[in-house]
Amino acid sequence: FASFPGKKARTFDLEAMFEQTRRTAVERSRKVLEAREREKEDQTEKEFRIPCTDSSASASSATRAGPTLPERYLDMMGDSMYHFPYLSAKGPTEDTDDDDDDDDEEFIGPPLPPGFKDSDDDNDNDDTEEEDNNPVKKIPDSHEITLQHGTKTVSALGLDPSGARLITGGYDYDVKFWDFAGMDASLQAFRSLQPCECHQIKSLQYSSTGDVILVVSGNSQAKVLDRDGFPVMECIKGDQYIVDMTNTKGHTAMLNSGCWHPKIKEEFLTCSNDGTVRTWDVNNEKKHKSVFKPRSVQGKRVIPTTCTYSRDGKLIAAGCQDGSIQIWDRNMSVHTKFHCRQAHASGTDTSCLTFSYDGTVLASRGGDDTLKIWDIRQFKKPLNSADGLPSFFPMTDCCFSPDDKILVTGTSVKKGGGSGKLFFFYRETFQKLYEIEVTDASVVRCLWHPKLNQIMVGTGNGLAKVYYDPVKSQRGAKLCVVKTKRKERQAETLTQDYIITPHALPMFREPRQRSTRKQLEKDRLDPMKSHKPEPPVAGAGRGGRVGTHGVTLSSYIVKNIALDKTDDSNPREAILRHAKEAEENPYWVAPAYAK
């Protein structure tokens, strides 16, 4: 390398540099600590009016403590010691006085400006107090996005536990998958399918792990799909000729609702018009796990319209058409554990039951235009109730806010009868806190996701709306609204379907088509392709082309019949035309009778 023509490299004395840095850091730390000691001294003087003589001693002890830190550690810290002055004051020879302990507790991290910490804490406390006092501020409704599911009612909504994907199902039999992270501002679903052919979708729900989806539709067999919509299992159909529903392997009539077990990821629950509530295992589609049979006051069969698990999964609740709410222990299917006979008006469809996050309270949305909240231990009368909330759908939702203080439900409207609204009630008093006008159609489904802190709403005119707040909400709709729409590429249609053989010999390889316009220009120049069509042949054929009358006997006769121009205007003459000849020269009739 002697002949290398470049410049000579600079040399650094690293040890000297580290030593210098260490000294600077120690010096600065000492100054900061001295200043701090002086401040403390002044403060104690003001408070107690007692002259303090220990300041110089403590300052010198601080100076002593500085260099006793391991030198290697200080070398590593370098100039950053300036930002963490307290490090230089902690060494093995540190005095273990109460004052020093207080010092350590008080000053952790860089020194804050005077009065800064207190005022910040006060502000934080004020904000939280204000939010606690005013729960309306917790409702994330400052922004919204609209996902166009279709034109018919969105009757099912599901969000996976992480909040990354939304699924919507409707009366148009479609299930659509929306991926917030993958969508751009055009807000298009990435997949649409019809898992149950021509049956309306009643309910969609992701399991507790988010890897499978339960699809409940208008037929008697619930389906389980994976995250991407591919079938995992389909429940078996029961035998409709068996009277005792316990002896059939599955439901025999239309399903009404279904949900996953909150803790056991393989178990789910369905209820049906056959008057049963059944639990299932994903790994066994041949038969249900257990059957619960709701009964009316007379002990007759009654149809459950909605069902749910409690938050710990130990109880199963069903709302029935006779207005009752019946709750069983999950492991004891014979008798109900809790029972309320007149929870809602008889003959109406209780459309939703949901337990609060703390598990102590049950909310029910009735087809009798009410929303009620119950303590299941005192199940005779509701804790609170709100009425005047019209519901025309058998799946109108209600749900709790993530902090469990607010209860949300939607209202239905007739066509042209105003706007469907989302109502927010305070759980303790059932005072109406807030309302959102969603759209000029009914609000059917609502979902308040605890992780995202966003509210999803399914409406009667095929929209799925997402309400969010840029500050209070996480991820979800915030991910896709910031992405610009992708440019649409013009798909150039080919005039002909080409068989592409990439490895063919050059003599057999067809040139790839570029666009329609160029191909049409080429075709115009080709005399064969741009040849004017021949006019139809009139009269006898010529030039090798057959005439219009063809050469068959049938065509010849048809032609001659058409050309026969005999005048049949006088029917009497037409009949008597051959009379004279027949009389003079009898051939058919007269000779036969003569014999």
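Cβ from N, Cα, C; glycine included.
Straight from TrEMBL, the features:
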REGION    24-72  region 'Disordered'
COMPBIAS  24-49  compositional bias 'Basic and acidic residues'
REGION    85-144  region 'Disordered'
COMPBIAS  94-107  compositional bias 'Acidic residues'
COMPBIAS  119-133  compositional bias 'Acidic residues'
COMPBIAS  134-144  compositional bias 'Basic and acidic residues'
REPEAT    147-179  repeat 'WD'
REPEAT    248-290  repeat 'WD'
REPEAT    309-329  repeat 'WD'
REPEAT    343-377  repeat 'WD'
REGION    511-545  region 'Disordered'
COMPBIAS  511-534  compositional bias 'Basic and acidic residues'
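Outside the repeat 'WD' (248-290) by six or more residues, the chain places 202-203, 205-209, 211-212, 214, 216-222, 224, 232-240, 242, 301-309, 311-313, 316, 318, 330, 333, 394-395 with a CB less than 8 A from a CB of the stretch. Across the range of the compositional bias 'Basic and acidic residues' (511-534), the DSSP-based residue counts are 10 helix, 0 strand, 14 coil.
Residues of the repeat 'WD' (343-377) grouped by DSSP class, helix first, strand second and coil last, total 0 helix, 14 strand, 21 coil.
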